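Reading through the structure tokens given below for one structure.
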Amino acid sequence: MSSFDYLKTAIKQQGCTLQQVADASGMTKGYLSQLLNAKIKSPSAQKLEALHRFLGLEFPRQKKTIGVVFGKFYPLHTGHIYLIQRACSQVDELHIIMGFDDTRDRALFEDSAMSQQPTVPDRLRWLLQTFKYQKNIRIHAFNEEGMEPYPHGWDVWSNGIKKFMAEKGIQPDLIYTSEEADAPQYMEHLGIETVLVDPKRTFMSISGAQIRENPFRYWEYIPTEVKPFFVRTVAILGGESSGKSTLVNKLANIFNTTSAWEYGRDYVFSHLGGDEIALQYSDYDKIALGHAQYIDFAVKYANKVAFIDTDFVTTQAFCKKYEGREHPFVQALIDEYRFDLVILLENNTPWVADGLRSLGSSVDRKEFQNLLVEMLEENNIEFVRVEEEDYDSRFLRCVELVREMMGEQR
């Protein structure tokens, strides 16, 4: 590789032509071309400085120690973080290269206990968010499609990664890994010294496979930015005075986690003076958006499971009941937010007037319950009915349902 390959990479990243770079740097295009190809034995320091200044590069260029970490990060865990933190403190610049292969990644998901498959952007986001304050870390995605899965296919993979690093201008001095068996392979195929970090897992005994098989068992090893992805969501539905809010609070207490309150009630107080008489069609999208924000907050800080008081189907049902039509924005959120467990409470508990309820008759309550069921089925949402009439039995039944759901990963 030429000693000026980094300049070629910088020019490519700028998106400039050689003529534009030459003009801006006070040299001819021919001189620049010869310079980039190391044909000029003693290039002008003044021209080099102008070129570096135009490209936003340091001059004179200081020799940097470059490190690289390879991984799938499927998912990112604290073992990865320990490796990366150790590596980035030993080099001037650390490149994290995340490999992805749609076929392989799909197979890993299907053989796991994960409730959803992480996308490539999900995995990149975990890395970017976790290391966003460390300016010497660079993150890349490398397509490994068609390459034999690890630990096979070293020849094909090494040729691919060499080409990828050359395109990105990455010239590593060191590779960091916790996999003892990989060190000689890296040296043989890439010719780069490898530094082993905690290969015996004495400090951080965890692997991506363990988390994929049982996320909740290894919850403490899942980073803060990754945990929301694994959180299970439980939505409690029902008509007015069915005990949803109290039940959600009790469940969140017993499972030591977060809950999302029904935003519609807060909206009525903050925007309508505490009286639904002023509610109109144009309010429903705002109510749905506010509820989505409550849900996102609850999921972000949840301990394995988050409980949701009322879903968007219920919001849509009220819109249809009072306004005679459905709202497209609410429907979009119905499609976007799918919960792991939906519990529909039967309307067979005493109706309590609280100033915000208007469907108190047995006929109204039954009609609304039927509307909920109809809309859940229309949207292909699976749900479990809880028909116990006393509050304690309802609570115990819901605890049982949640434990069954969580038991898949315990």
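From the backbone N, Cα and C atoms, a Cβ is placed for every residue, glycine too.
Listed as Cβ neighbours of the DNA-binding region (18-37) (distance under 8 Å, sequence separation of 6 or more from its ends, same chain) are residues 2, 4, 7-8, 11, 43-44, 46-48, 50-51, 54-55. The DNA-binding region annotation in Swiss-Prot covers 18-37, and the record cites a curator's inference as its basis.
The NAD(+) 1 binding site feature in Swiss-Prot is assigned to 70-73, H77, R104, 144-157, 177-179, 204-206; the stated evidence is similarity to another entry. Under a cutoff of 8 A between CB atoms, and with a sequence separation of 6+ in the same chain, the neighbours of G146 (NAD(+) 1 binding site) are D101, V156.
Annotation for A260 (NAD(+) 2 binding site): same-chain Cβ neighbours under 8 Å, separated by at least 6 residues, are H291, Y294, I295, F297, A298, A306, F307, I308, D309. Secondary structure at A260 (NAD(+) 2 binding site), as computed by DSSP, is strand. For S259, A260, W261, Y294, I295, D296, F297, the entry in Swiss-Prot reads NAD(+) 2 binding site, with the evidence type similarity to another entry.
Per Swiss-Prot, the feature domain 'HTH cro/C1-type' maps to 7-62; the stated evidence is sequence analysis.
The average pLDDT computed over the region 'Nicotinamide mononucleotide adenylyltransferase' (63-229) stands at 94. What Swiss-Prot lists as region 'Nicotinamide mononucleotide adenylyltransferase' is 63-229.
Per Swiss-Prot, region 'Ribosylnicotinamide kinase' is recorded for 230-410.
In the three-state DSSP reading, G146 (NAD(+) 1 binding site) counts as coil. What surrounds the NAD(+) 2 site, by Cβ distance within 8 Å of the Cβ centroid and not counting S259, A260, W261, Y294, I295, D296, F297, is the set T258, Y263, H291, Q293, A298, V299, A306, I308 from the same chain.
Nearest neighbour of W261 (NAD(+) 2 binding site) by Cα distance, taken over the binding-site residues F70, H77, W154, T177, S205: H77. In the three-state DSSP scheme, F70 (NAD(+) 1 binding site) is classed as strand.
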